[in-house]
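Here is the structure we will look at, set down as structure tokens.
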């Protein structure tokens, strides 16, 4: 009797478990995620075993056919889709293809372009996240206090994590259990997430966001160059707009850039200039340590202006749009995680110290660009280094923006909107060079008409920075790797998506209000 009762209870429990699994699987299937039950997993494993045996037989047939005389022209050639099998049904491109996934250089690189070391990749990432935008961090502390300092650390941790999971989305396990690179860019990841219903929608959204982010970064470099030169030499009869024009004239040779190798050399010089700037500013602040205003660092926040600070902090860490290209161009991609760790740790420490020390020195008088607070003699020297850093930082986002535009609009193929920018010999066509120069001039025009550094940085960070660094990587990670994620990884991804969405909306609204208010003030003056 006890055995019969135990058997019935076991059957009921099994039935309830199967029904609950079916409901959960159906719910996630409707959301677009791939959840597999135990029975489905067994089925997948069985299919993989059968497929492995089938491909082993094909390989034996191919070896036998290679050993036979070449005169047997009547033999049927093996089907390409059988040889180049890939989970998901998509065949791998033939070797030498421009779009080959494994080992591809990504959006901003290619097969025939020189590879970079982990150190060179690190200089590029450091240049992106430890760039000119550190000058706005003391302004973020002004409106955020200790919470602003916490956000500098929190943003470093989150951006390092999302950078790693974004690269993880480039890889999948093949039928033999080997991890291979099946995608080559941020756009390819987005397209894979939207397939099969909207196979190109995700790529277009990411392309637009990337172009906005990169072009706005270039604009900010021109804005800060004009601002710094104008404040360094106020006695000269040269306006800020005129200084911006001079800076743009120096940047025109960027139109001739061809690969990331040259950009990496600029990034190295730029990083060295940045360390000199940090040392000079921090040394001056330490000389006034006895006057530091610790009581001015608040535990409360300015509700209206703090969202702008969030955008500034987030934008200062944006590097995700470069990462697929950098990882694809690395000589040793296995060193990518280590490179991300030390670059973000260094950036977090330097940014936190710089922002706190600078704010303690000037407190409520802290300006949008912190070097404007320096006395005239020191300001001129520091600003010259900063201008050099801005001009050396410009090539990386400009080169990336050009590559995105060329790949999405001008690449040869049936889906290209315009003819290719390169000739058959690989040389840049004259009209392609003209378009590159036009992009440089466009950044100048925007810098002249929107010369508000901190507000523009907060707006861009809230609009595209949060999307590309927080929202999309976590969403793509859930969508593509759902079946392999542990519960804490799912929790992190969902939390990052929710927090990033809230910060993005609030920061965008308040930055836009700040720009409108700034224009009204200028109009009244």
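The backbone N, Cα and C atoms fix where each Cβ goes, and this holds for glycine too.
Topology check against Swiss-Prot: residue 167 and residue 487 fall in different compartments relative to the membrane.
Within the set 146, 171, 186, Swiss-Prot records 3'-nitrotyrosine at 186. Swiss-Prot tags one of the stretches 306-326, 411-431 as transmembrane segment, and that stretch is 306-326. Taken through DSSP, the topological domain 'Lumenal, vesicle' (287-305) splits into 7 helix, 0 strand, 12 coil. It is 266-286 that, among the stretches 133-153, 266-286, 306-326, forms the most Cβ pairs under 8 Å with the transmembrane segment (384-404). Proximity of distant same-chain residues to the topological domain 'Lumenal, vesicle' (363-383), defined by a Cβ-Cβ separation under 8 Å and at least 6 residues beyond the stretch ends, is recorded for 135-139, 141-142, 224, 227-229, 231-233, 277, 280-281, 284, 293, 296, 452-455.
Away from its own ends, the transmembrane segment (133-153) comes close to residues 220, 224, 274, 278, 297-302, 305-306, 308-310, 312-313, 315-316, 348, 350-352, 354-356, 358-359, 362, 364, 366-371, 386, 453-454, 457 of its chain (Cβ-Cβ under 8 Å, at least six residues beyond either end).
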